[in-house]
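Scroll down for the structure; my scribbles are underneath it.
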Amino acid sequence: MSKLKSVTIVAMMIAGVFSAQQVLAKTVKVTMTAMEVDLPVNNKGDVKMAAWTFDGSIPGKPVRVEEGDTVDFTLVNPPENKNSHAMDFHAAQVDVLNEFAEVKPGQTKTFKFEAKVPGVFMYHCGAGPMVQHIVKGMYGVIIVEPKDKKNYPKADREYVLIQQQYFPDTENLNALLENSGWKGAMINGKMFHYDPVHEPNATQVLESKPGERVRIFFVNANINNPVALHPIAGIWDRVYINGNPKNTLYGIQTYNVAVSEGSTFDIVSPADRPTNFAIVDHAMGAALRGAITVLMNKPDADPKKGHGDQILIR
Ligand SMILES: [Cu+2]
């Protein structure tokens, strides 16, 4: 084959790869409505917070896209709300004064961005005072699936866990900034949400079958404290820092998740027996006030749990 011919063939192959990627990249429309509502922050339902939320729940719904996709996002702030709200996607590279600007009650804002970097990213309301909008519950996760799966084995089940500090008085801004007076650690909106061992009113746990690879998408939505994430009775098989397989650690006991960080944690239970893990923030002030999640590894695990919209158990 002549040199010119082979160069031409290589160029055509490269063009083919690029056009295939262009075809695969899609636009994902996401709409959220800011809602100011009272929500229970414990399993019994008798402790309530004057919450500010995306779509009425803490955390907001998980957003999931592929690397290279365009997110077409709309924030609705209904006229009955008292406060301005905003959206800050950590997966976006835009203009803080433009796309992330505040939206007044009665107004709607739309912006687009390309999710260029794979990983697990926090999203949150960026309206001021931001500390109050986050602590009242305006946050969630956007998962940007990596294109390159080479160092990223398929998981058998996936779960989202998002932690935040609970402050009974969210009006005392000075206390929020000084980190004083926090009384609990919420996982996906409730203290001891998935821990019937320590909290008799808890009805839910995470489940898998023995030997399955369970993938946890974790976000630290605390306003001030890092999270020492440790699986009691297990070892993290892999930790993907920022949820990106290019940043993989192996055989980790505890990984410190910075405030506003999202990271991915794989764990594989013994295949030959049923077991239980307790995924905790090993900082005791957080663990013993709510940051404990039970993962049961049993042959009759609910097949729906850890798939589809059951990656975040409400
Ligand atoms: Cu807000």
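Easy rule for this one: first residue shown is 1, then count along the chain.
Note that Cβ sites are derived from N, Cα and C of the backbone, with glycine treated the same way.
What TrEMBL records for 1-25 is signal peptide. Residues annotated as domain 'Plastocyanin-like' in TrEMBL: 42-148. The Cu cation 1 binding site annotation in TrEMBL covers His85, His90, His124, Cys125, His133, His282. Positions annotated as Cu cation 2 binding site by TrEMBL: Met138.
TrEMBL feature annotations superimposed on the structure.
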| residue | record | DSSP (3 states) |
| --- | --- | --- |
| His85 | Cu cation 1 binding site | strand |
| His90 | Cu cation 1 binding site | coil |
| His124 | Cu cation 1 binding site | strand |
| His133 | Cu cation 1 binding site | helix |
| Met138 | Cu cation 2 binding site | coil |
| His282 | Cu cation 1 binding site | coil |
Around the Cβ of His124 (Cu cation 1 binding site), the count of other Cβ atoms that are within 10 Å: 23
Cβ neighbour count (within 10 Å, all chains shown) around the residue listed as 'Cu cation 2 binding site': 30
Most Cβ neighbours inside 10 Å, all chains, among the binding-site residues His90, His282: His90
Residues among the binding-site residues His85, His90, Cys125 that border ligand 1 - Cβ under 6 angstroms, in sequence order: His85, Cys125
Which of His85, Cys125, His133, the listed binding-site residues, has fewest other Cβ atoms within 10 Å: His133
Secondary structure content of the domain 'Plastocyanin-like' (42-148), with strand meaning DSSP E or B: 6 helix, 45 strand, 56 coil
Distance check against the residue listed as 'Cu cation 2 binding site' for the binding-site residues His90, His124, His282, keeping those with Cα within 10 Å: His124
Per-region confidence, the domain 'Plastocyanin-like' (42-148) (mean pLDDT, whole number): 97
